[in-house]
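Residues annotated as domain 'IF rod' in Swiss-Prot, with sequence analysis given as evidence: 108-416. Residues annotated as phosphoserine in Swiss-Prot: SER7, SER12, SER28, SER31, SER32, SER45, SER60, SER81, SER290, SER358, SER361, SER424. Sequence annotations record features per position, and here Swiss-Prot assigns region 'Linker 2' to 288-295. Among the features that Swiss-Prot reports, region 'Interaction with CRYAB' is placed at 438-453. The site 'Stutter' annotation in Swiss-Prot covers ASP354.
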Amino acid sequence: MSQAYSSSQRVSSYRRTFGGAPSFPLGSPLSSPVFPRAGFGTKGSSSSVTSRVYQVSRTSGGAGGLGALRASRLGSTRVPSSYGAGELLDFSLADAVNQEFLTTRTNEKVELQELNDRFANYIEKVRFLEQQNAALAAEVNRLKGREPTRVAEIYEEELRELRRQVEVLTNQRARVDVERDNLLDDLQRLKAKLQEEIQLKEEAENNLAAFRADVDAATLARIDLERRIESLNEEIAFLKKVHEEEIRELQAQLQEQQVQVEMDMSKPDLTAALRDIRAQYETIAAKNISEAEEWYKSKVSDLTQAANKNNDALRQAKQEMMEYRHQIQSYTCEIDALKGTNDSLMRQMRELEDRFASEASGYQDNIARLEEEIRHLKDEMARHLREYQDLLNVKMALDVEIATYRKLLEGEESRINLPIQTFSALNFRETSPEQRGSEVHTKKTVMIKTIETRDGEVVSEATQQQHEVL
């Protein structure tokens with residue numbers, strides 16, 4: 001009996017749970033529970049099925065477990081073969097057996113008290129673990145029900161805000177690109193207009209150079225004509241002098257002829273001849289003078305007209321040149337203003353691009369940070385779920401241990417409450433090992449609990465018990 005209780009004492013829930021299950025010999029009253037654990041589904045699997053099998057073995061007697069156990073325990077006392085079944089023992093042997101039985105009962109009471117104390121401590125620890133398990137289950141449920149939803153809502157809200165800002169920035173960038181394209185078109189058009197104005201300026205400069213050549217030629221012609229006029233005036237003056245000298249000479253000759261005529265009154269035809277000659281010379285001189293004056297006047301009028309025409313052309317060329325200069329200056333100012341505007345717009349566009357790039361990088365960093373936080377929260381949830389599953393496994397093992405201890409206590413209480421028979425009326429019989437083996441049998445209860453999980457959540461549970469008699 002003490003050996004049976006010592007073996008049952010070795011079957012401790014604390015040792016089985018935390019110190020490993022001891023090995024029991026064949027035929028012990030209690031075999032350790034078997035907890036085969038199926039591995040959890042790895043990350044990414046849609047569902048997993050976890051099965052746990054609990055094996056509880058209980059030894060019961062054929063006619064009565066206690067009687068068989070007591071008979072097998074007391075059967076070790078060698079009884080002489082001369083005594084038959086049903087014969088009484090002598091009182092000395094009965095006293096010895098009674099004393100041994102009382103000692104065994106006292107030891108059993110002490111051991112049972114120790115086991116009760118240990119069992120009370122074990123119950124307290126189980127209650128504490130159940131409280132922790134309930135707190136962790138509540139925490140897991142809270143995390144399942146609230147925290148992921150709130151984080152998802154915050155993430156979705158920030159993601160929508162970031163998408164809206166990205167759309168606004170994209171629209172602004174598209175608008176800036178359109179404005180830039182329009183400005184580039186205006187710049188190209190102004191460049192084409194500038195090229196046309198430059199070509200017109202070059203043509204005006206070429207015309208001005210041609211006009212300058214014409215003016216120079218007209219100036220040279222005018223100077224030449226002025227020199228010719230001077231030479232003609234000098235020639236006219238010289239001819240006048242020559243004519244006057246000829247006239248004086250002719251007058252002197254006429255006077256001499258008149259003197260001779262007066263001296264020679266006998267020659268009246270000479271005076272008439274001189275008069276005719278003088279008239280002829282005067283006619284010729286007047287004709288030459290009139291022709292020279294007409295030629296001079298015609299030349300002067302031609303030169304004056306040419307000079308006036310050249311002066312008009314020069315004045316018109318100067319006016320056109322001034323207009324072209326004013327246009328070039330206005331176009332140059334306009335081009336400078338457009339260049340400044342283009343530079344400012346390009347600078348603004350670069351600043352906007354840099355700002356958009358920095359904001360986009362900031363948004364990307366925020367998105368990466370939020371994704372990292374979500375991943376961290378998911379890892380925390382998975383860790384809490386694993387801890388919860390482990391605690392659930394421990395709880396189920398403890399439940400099985402408690403049930404086992406309850407069965408043991410019920411068996412001990414039923415054994416203690418049995419009436420103690422008078423040893424004088426006890427009939428002892430010797431049983432052989434073959435008979436004890438036929439009387440003792442083992443009843444094994446197999447509990448199969450199937451838990452189906454999907455993505456870390458318990459979907460369904462199923463419990464099945466199988467009883468086998470060994």
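Backbone N, Cα and C atoms are what each Cβ position is placed from, and that goes for glycine too.
Overlay of Swiss-Prot annotations on the structure.
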residue: SER290; record: phosphoserine; DSSP (3 states): helix
residue: ASP354; record: site 'Stutter'; DSSP (3 states): helix
residue: SER361; record: phosphoserine; DSSP (3 states): helix
| query | How many Å separate the Cα atoms of SER290 (phosphoserine) and ASP354 (site 'Stutter')? | reply | 93
| query | At the Cα level, what's the spacing in Å between ASP354 (site 'Stutter') and SER361 (phosphoserine), rounded? | reply | 10
| message | Please compute the mean pLDDT of the model over the domain 'IF rod' (108-416). | response | 81
